[in-house]
Amino acid sequence: VNLNRQQVFGYPISIFFIIVNEFCERFSYYGMRAVLVLYFKYFFQWNDDLAISIYHTFVAFCYLTPIFGAIVADSWLGKFRTIIYLSIVYAVGQVAMAVSAIHDITDKNRDGTPDNLTFHVVLSMVGLMLIALGTGGIKPCVAAFGGDQFGDQQEKQRRTFFSVFYLCINGGSLLSTIITPILRAQDCGIHSKSKCYSLAFGVPAALMVVALAVFIMGSSMYYKAKPEGNIMFKVSKCIGFAIKNRYRHRSKQYPKKEHWMDWAEEKYDKLLIAQIKIALRVLFLYIPLPMFWTLFDQKGSRWTLQATTMDGNFGAIVIQPDQMQTINPILILTLVPIMDSLIYPLIRKCGLNFTPLRKMTVGMILAALAFFCAAVIQLQIDKTLPDFPSKTQSQLKLLNMGNTAIKVQLPGSEEFTLPGAQVFYFLNKLNKLLFQSVILLSQKVFVIGFLQADDLIYKPQEGNNEIRFINGMSKPLNVSSDAVQLGVINPFHYSNYTQIKNGRATFTLQDGSHSCEYSKDFGFGGSYTFFVPSTLSFGSNCQESITETVNIKPNSVHMALQIPQYFLITAGEVMFSVTGLEFSYSQAPSNMKSVLQAGWLLTNAVGNFIVLIVAEIAKLPKQWTEYILFASLLVAVCIIFSIMASFYTYIDPTEIEAQFKNKSYDSDEDDDKKKLEKSEHKMEKRNSVSSDEEDNKSNQTSM
């Protein structure tokens, strides 16, 4: 097609609108997705398994809907109108997500959590369904629509466009996974302060509106190809006819065909049947591939939750758990050129035949190794987690508020000495007589002299710390800081647990006329009790007088230890995903590339569903064992795939297509010759008959 349109430096002006649209749309999608699992866990207060299940269900549908978008665009609306209509749906979904995260809408108690949680859950689920339909629906259309803007003489410019196009995808992903977690970590709200998920979803929503507006602005400059029908319909009908026809002729009296698709020859062209056979050979290799995506997409769910139990302090900056996903697009942009220009050429120089299927096999092994690394890290994290009592246990925490040691004897244990201002933990199986209050409360109990108080039964969330002060003085004590206000604590009493962020905090203690300051550097996810003794001397030595007890240790395993697993999974993605697409396109017939694209996206969707199935069936008590399970499954699948790949023979589809076309052409020529000969024979016969008739007439006349 020769397109006579306005150009800049040899490129159609229209593609600049498409590139900006793609960047904004990818920022919108990946920005929303980066904080999604934490939104489920902390805003809705869902447990890890439910949060991950909904997350992977959403991702799976995002990979299913492109098939719908491709069919609609190719068969009815065309690419331009499909992008417009589904982008509107997409933008509405993003706005719904932003609104669902505004906790102040129904926060009557002003405690940072919505009272009508059902409203927020329903609104967010509707939003996610619209987003899945929108982002998946336009996914196969935008790149193809951009390619349509170039003429036949602009092949070089078209290749450059696709390079910039995919750079925008990774650029949008990179920036969004940096920015939206920062927005999420802010405190916002009208009546009460809470993590700002509304802003983290609001910015992607605004970017999607911008993407739609920019795309519409270029409307008059686009080349809009008319829909020509979708090949997937034709392929499905041909396969369906072959299966039906084979079933009809299942009796032994009918001769066998070389391939089951040959049963479609009665109705369909041999070239189409040959093309479908080639595509089916590639699609057969897709069967084991979903397992790779099962592991890969967990970097946005399980790995993000793993990061919430780690130390994100990198010195000058503090990394949010959901920002660790940024490593993936950074490594993608780095590893792709390194692999293509350095690693693969070196392997070839070593004389190794590193075929595409072998690259994919290595990619699967690297992904499995990434999960083995995650399991090792999880083992280290588990060592730092508190030992909470199980359903058949209770835990007593005894605090001696006096200055002198006392002797304590509990049932089932020997007498021991508890020093002044010290804590002792006692873990034992439940005894109905001794621990009646524990049975009723089903949680740990904090005993202060003759006072009894509930203690934490969970590790502090979102990297925050939980603190409480105990006033061992005979007069009321006011405790405050810039970050939190604990208020007045009565004599020989305690404050409620209060959340405080990581970093240095300074507390001011006042008993009326006297005051002093106490400072503490907080990490992530710790729980502390600060005991103010009766002998507290206000002044510069105040810091030394207060006793600090660590109830729950802060996160001590550093987030940097996740970098190796991100490196391995990304290297695996480069070798598996990029190579897999190249292999599929090189082995696909010219008119079957969209069929293989649909099959490839289907493997992504199935992989995310496998996460749900395996996690539900296994129900492993320890997270590291689940990582080992997934890694082991991928290794097993990798072995199966390598065996399947060893039987695959690489072909040149264009050459096979050319052979069929030549045969068809020769067959047509033969048919034409036969028709011509038959025609000539008839003419000769007709001439002979007419000649005989004339002779008879002349004879009759002479007679």
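Cβ atoms here come from the backbone N, Cα and C positions, even for glycine.
Residues or ranges marked as compositional bias 'Basic and acidic residues' in TrEMBL: 662-687.
Here TrEMBL flags 662-703 as region 'Disordered'.
Residues or ranges marked as transmembrane segment in TrEMBL: 50-71 (among others). Only residues 6 or more beyond the boundaries of the transmembrane segment (50-71), in the same chain, are considered here, and those with a CB under 8 A from a CB of the stretch are 33, 36-37, 40-41, 44, 82, 86, 128-129, 131-133, 135-141, 230, 232-233, 297-298, 300-302, 305, 594, 597-598, 601-602, 604-609, 611-612, 615-616.
The transmembrane segment annotation in TrEMBL covers 83-105 (among others).
What TrEMBL lists as transmembrane segment is 117-138 (among others).
Taken from TrEMBL, the feature transmembrane segment covers 159-179 (among others).
Annotated transmembrane segment per TrEMBL: 199-223 (among others), in sequence order.
Residues or ranges marked as transmembrane segment in TrEMBL: 278-296 (among others).
Taken from TrEMBL, the feature transmembrane segment applies to 330-347 (among others). For the transmembrane segment (330-347), the residues of the chain that approach it from at least six positions outside its boundaries are 167, 170, 174, 354, 566-567, 570-571, 573-575, 578, judged by C-beta separation under 8 angstroms.
What TrEMBL lists as transmembrane segment is 359-381 (among others). Sequence-distant neighbours of the transmembrane segment (359-381) (same chain, 6+ residues past either end, Cβ-Cβ under 8 Å): 291-292, 295-296, 302-303, 306, 309-310, 555, 557, 561-562, 564-566, 568-569, 571-577, 579-580, 583, 622-625, 627-628, 630-632, 634-635, 637-638, 641-642, 645.
The transmembrane segment feature in TrEMBL is assigned to 433-451 (among others).
Long-range contacts of the transmembrane segment (597-615) within the same chain: residues 49, 52-53, 56-57, 59-61, 63-64, 66-67, 70, 140, 232, 282-283, 286, 289-294, 296-298, 301, 580-581, 584, 626, 629-630, 633, each at least 6 residues beyond the stretch ends and with a Cβ under 8 Å from a Cβ of the stretch. If you look up TrEMBL, you'll see 597-615 (among others) marked as transmembrane segment.
Only residues 6 or more beyond the boundaries of the transmembrane segment (627-651), in the same chain, are considered here, and those with a CB under 8 A from a CB of the stretch are 278, 281, 284-285, 287-289, 291-292, 294-295, 298, 302, 355, 357-358, 360-361, 364-365, 367-369, 371-372, 374-375, 378, 587, 614, 618, 620. Annotated transmembrane segment per TrEMBL: 627-651 (among others), in sequence order.
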Cβ contacts under 8 Å made by the transmembrane segment (117-138) with residues that lie 6+ beyond its boundaries: 25, 29, 32, 39, 43-44, 58, 61-66, 68-69, 72, 82-83, 86-97, 99-101, 103, 105-106
Distant-in-sequence neighbours of the transmembrane segment (199-223), which means Cβ under 8 A and at least six residues beyond its ends: 1, 3, 5-6, 12-14, 16-18, 20-25, 27-29, 31-32, 35, 39, 80, 83-84, 87-88, 90-91, 94-95, 97-98, 100-101, 145, 148-149, 176, 179-181, 183-184, 186, 188
